[in-house]
Structure formats: C-alpha cells, structure tokens
Ligand SMILES: [Zn+2]
C-alpha cells in the first residue's frame, strides 16, 4: 500500500469529532473559548496515539474455510448460493471473523493499544461501548486463503458528551490481507467513557430511554407491550429501531402484543451476582434462591410473542431450573422499585 495515512482514502468518512466541513480549523475554534479545552493535557496525550499500531502482523487462526462459512450462513439465515459449492466465496461481512482470536485471544496486540486504554482508564473513562463498524471489500475471499492483518489506531476524538456519558471515540482500522494482498478494511469505533449516572448500589440499572424507543417505555407505563410495525411493508419489529430492516422505511405505528408467548430459548444467570437483579418476592415459585442472598440464580428468556417477534426478559413464576424451551408464558408487568416497571413473563401455568 502506498497511500499515506494523512491522505483521505476513498470511502473514508469523518470521525465523530464534531469537525465540520472546515475540518481542523473548527477544532481549534472549539478548543480556544472552551472553559476546559483539554483538562490536564489529556487530549494531547491521547492524540499522540493516532497512527500507532494496535496489532502487528496478526495471523488468522484458520485459513478461510468452508465449515466456518457454512456455520456463519446458518446462523445468519443466509442462503445465497454464492457461499456454497466448489466455487464458494466467503460472505464479505465475515471479514472480521477470519481475524478473531477466539476464547484464547491473540498475542499480537501492541503496547500502544493497552497504553491508550490505560490512559483513558486513569482519567476516569472506564466504560466502553462499541458504537459502529464499517467494512470495505477489495476482493472476495475463498477457502484456502491465508489471512494476515495489521491494525492501527486511526483517530481519537476530542472529548464528547453523549447520553451515556463523557469520553473519547477511538477508531481502529484493520487492514486484512490474504496471501499478502489487501482484501479489505475493517474500521471499528468505540466510545471509552465515564458513565453519566451511576445506578445506586443495589438497584437494577435503568433503561436508556431515547427518542427511538420512548414509545415503548410509554407503553410499559400504560401496561401495554407495544411492537413497532412498519407502515411501508407491515413488518413487525422488536426491539424498537428507527427504520425497517425489511424495506428501509422510517414510518411506523404500533400494535399491542396480546401478551401470549413461548420460551424460544433461555439462559440461567448464576454468576456474577448483581443485587439489583434480585428475584422479586412473590414472583417466583419454589427454590429460586438457594443461597438465600436474594440475588438469584434466575432465568432470562428469549420469549417469542404470539405476534412472531422475540424479546428478552425474565421468566418468573417458575423455578429457574424448571424453565423449558417451548413453555407457554404470559406477559405481566413487574414493579421493580418506585421508578421502574418492566415487562416480564410468567411461565408454568398449564405448561
Ligand atoms: Zn418495512
């Protein structure tokens, strides 16, 4: 590759620095009048990591291979014939899959990446959330391709305040190669932040209510479980999203769920224990709390509603070890504390 890191590559987009079309001059203008442009010179130190390596000469743990392609397609429900047979290619969106370290992780991560995270941790930006990723595809991957990659810290944003809290966006760019030639790029952006509001000790965390999902929580307050319906194609969707995955339309209305459902799948939460997730008194039959400390174990179900969409919630009214796939459940509203009410599903009746 001959492109210099300074040159805006084709397809490169503006990181969420708030810099407008005027670019860097805007950033300076913002910094000057601010009351705390760069507390402790932190931003300057973070910025010094731009362009430094986040992972060096990584090697994919497997060659591009048919079993992983098949598993991916099954998990995604992708039946495209291009991904099967003797001339199969790998789905382009698998790009990152070939670079993943698995449970045992990677040994190729650079010191720079860890240092940057340590700096942010020290400054109080201890939480992390992935915000978006984008991929560019240069050519198709085929079984037998040997994957190598390098990763670079591309940008660190100025301090930003979001609804989650204040922090810095970090964009990492991974260049993926097959047999030594560039096949694609994967850009991954996270927000490393200090949470805006800590849930008081022992309380169940509050949901993040925003303009995309406020209607859902209004429904809960009125003891209605509302499902979004695309007014373009009629597709139901849950959880709430600003647009339709089926047709892309932004317009929607809602239908109220009947409250009937079945357990599509479930997990039992044993550890770690979170006091806020105490099994509520009177909502669970039998021995749901063998340790007597009030914090579980408890069952978390993926509930398939009668309307066809699925949602995650607690299964109550049944001992955690008696929850089963296919068990009929019915919606009810659980008052967790004076501010928080949640839709949960009671199982076991006639099941
Ligand atoms: Zn639609």
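Keep in mind that glycine also has a Cβ here, set from the backbone N, Cα and C atoms.
Because TrEMBL annotations are produced automatically, they should be read as predictions rather than curated entries.
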Annotated region 'Disordered' segment (source TrEMBL; candidates 1-45, 46-90): 1-45
Counts by DSSP class (helix H/G/I, strand E/B, coil) across the domain 'FAS1-like dehydratase' (60-183): 34 helix, 41 strand, 49 coil
Residues of the domain 'ChsH2 rubredoxin-like zinc ribbon' (217-252) by DSSP state, where helix covers H, G and I: 5 helix, 8 strand, 23 coil
